[in-house]
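> Heads up, here are the entries from Swiss-Prot:
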type	residues	note
BINDING	Cys270, Cys273, Cys305, Glu312	[4Fe-4S] cluster binding site
Amino acid sequence: MHNSAPITRRKSKRIYVGKVLVGDGAPIAVQSMTNTCTTDVAATVQQIQALERVGVDIVRVSVPTMDAAEAFKLIKQQVAVPLVADIHFDYRIALKVAEYGVDCLRINPGNIGNEGRIRSVVDCARDNNIPIRIGVNAGSLERDLQEKYGEPTPEALLESAMRHVDILDRLNFDTFKVSVKASDVFLAVQSYRLLASRIDQPLHLGITEAGGARSGAVKSAIGLGLLLSEGIGDTLRISLAADPVEEVKVGFDILKSLRIRARGINFIACPTCSRQEFDVIGTVNALEQRLEDIVTPMDVSIIGCVVNGPGEALVSTLGVTGGHNKSGYYEDGVRQRERFDNELMIDQLEARIRAKAAMLDENNRITVNLIEK
C-alpha cells in the first residue's frame with residue numbers, strides 16, 4: 001500500500017537473456033550461480049531447480065573444461081531458467097556451449113585469445129542471438145593496469161571494462177552487458193558510477209566475494225542499494241559464501257526494500273519489547289517459512305502492541321496489532337471486527353494471507369481453510 005519510491009532508472013539498451021528482457025526499463029532481473037561441480041549433472045540440475053522455486057530469473061554456470069561443456073548440454077535440457085555460461089581462456093568452450101543452446105556467454109574478450117579467436121566467438125554469438133556479459137573483477141585486473149594504478153581503483157576497473165567494450169565495438173557487436181565487481185563496497189559503487197556515465201549498455205550489479213550469509217548480505221545491501229537508488233543496474237547477483245538460494249532471497253529483499261520490484265510478502269515486524277502481547281518473533285519466523293510459496297506482492301505488518309501497530313496496519317495489505325489475549329486485525333488499512341486469538345495467531349494469519357493472495361492473484365486460487373477463533 002506504500003507508494004513506489006521515486007527512482008528514475010538509467011536508460012540502457014535492450015537485450016534478451018533467453019526470454020528474460022534486460023535493460024530498457026525492464027524489471028531488474030535477479031541472478032545466482034551454481035556452486036556444484038558442473039560435471040555432476042544431477043547435483044547441478046537439482047540446485048538450479050531449487051533456485052527456480054524461489055524465483056531466480058537467470059542462473060550462471062561455470063564451464064571451465066570441455067567435459068563441463070558436455071555436462072552443460074545435459075543440464076540445459078532439464079531446466080527452464082536461462083543459463084549463462086561462465087568461460088575463461090578457452091574460446092572453444094564458448095563455441096561448444098553456443099551449439100548447446102546457452103542463453104548468455106560470460107567472457108572477457110581480451111582473455112580468450114588472439115583477434116581471430118575473439119572474432120569467432122563474437123560471430124558465433126551474433127549468429128545465434130546470444131548476448132555476452134563482460135565481467136571485470138578487481139581481483140583479476142590485467143597486470144599492466146595493476147602496475148599503472150598500483151592497486152584496484154575505480155579508474156582501473158573502468159579502463160579494463162572499456163578495453164573489452166572497445167573490442168566488441170570494433171566487431172560491431174552491441175548485444176552485451178557489463179559488470180565491474182569488487183569486494184570493497186565503495187570501490188564497486190564508484191566503478192559502476194563511472195561506467196554508467198560512459199556506456200548505455202545494461203549493467204549487471206554485484207559486490208563480489210562479499211562474504212558469508214550475514215556479512216555478504218549487508219555489504220550487498222549497502223552497495224547495491226546505493227546504486228539501485230540512483231537508478232543504476234539492470235540485473236544483479238548477491239555473491240554469498242552460502243546456499244545460492246539465499247542469494248536469490250536477499251536479492252529480492254533488496255529490491256522489495258527499495259520498492260523497485262515486488263515478489264512475495266514484505267513482512268513489517270517490530271523487534272519486540274516487554275509490551276508485546278504475543279510472540280512476534282516466533283510468528284514472523286514461522287510465517288516466513290510457511291509462506292515462501294506466495295509470490296503475490298503484499299505488505300503484512302505484525303506488531304506486538306498498540307503503540308505502533310495501528311499506524312503500520314493502516315498502510316499494510318494485512319496487519320495485526322497485539323492486544324490482551326486477542327489481537328486486532330486489519331485488511332487494506334481498515335480494522336476488522338474479527339480479532340485473532342493470540343494462541344492461534346500463526347495459523348489464523350497464514351489462512352488470511354493465503355486468502356488475500358488468492359483474491360489478488362488467480363495463480364493462488366486454491367482452497368483456503370480459515371481457522372476459527
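Cβ coordinates come from backbone N, Cα and C, glycine included.
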> Tell me the coarse DSSP state (helix, strand, coil) of Cys273 ([4Fe-4S] cluster binding site).
coil
> Around the [4Fe-4S] cluster site formed by Cys270, Cys273, Cys305, Glu312, which additional residues qualify by having Cβ within 8 Å of the site's Cβ center?
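Near the [4Fe-4S] cluster site, the remaining chain residues are Pro271, Thr272, Arg275, Gln276, Val280, Ile303, Gly304, Val307, Asn308, Gly309, Gly322.
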> What same-chain residues, at least 6 away in sequence, bring their CB to under 8 Å of the CB of Cys273 ([4Fe-4S] cluster binding site)?
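Gly304, Cys305 - these are the non-local Cβ neighbours of Cys273 ([4Fe-4S] cluster binding site), listed in sequence order.
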> In terms of DSSP three-state secondary structure, what is the assignment for Glu312 ([4Fe-4S] cluster binding site)?
helix
> State the count of C-beta atoms found within 10 angstroms of the C-beta of Cys305 ([4Fe-4S] cluster binding site), not counting that atom itself.
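So the number of other Cβ atoms within 10 Å of Cys305 ([4Fe-4S] cluster binding site) is 19.
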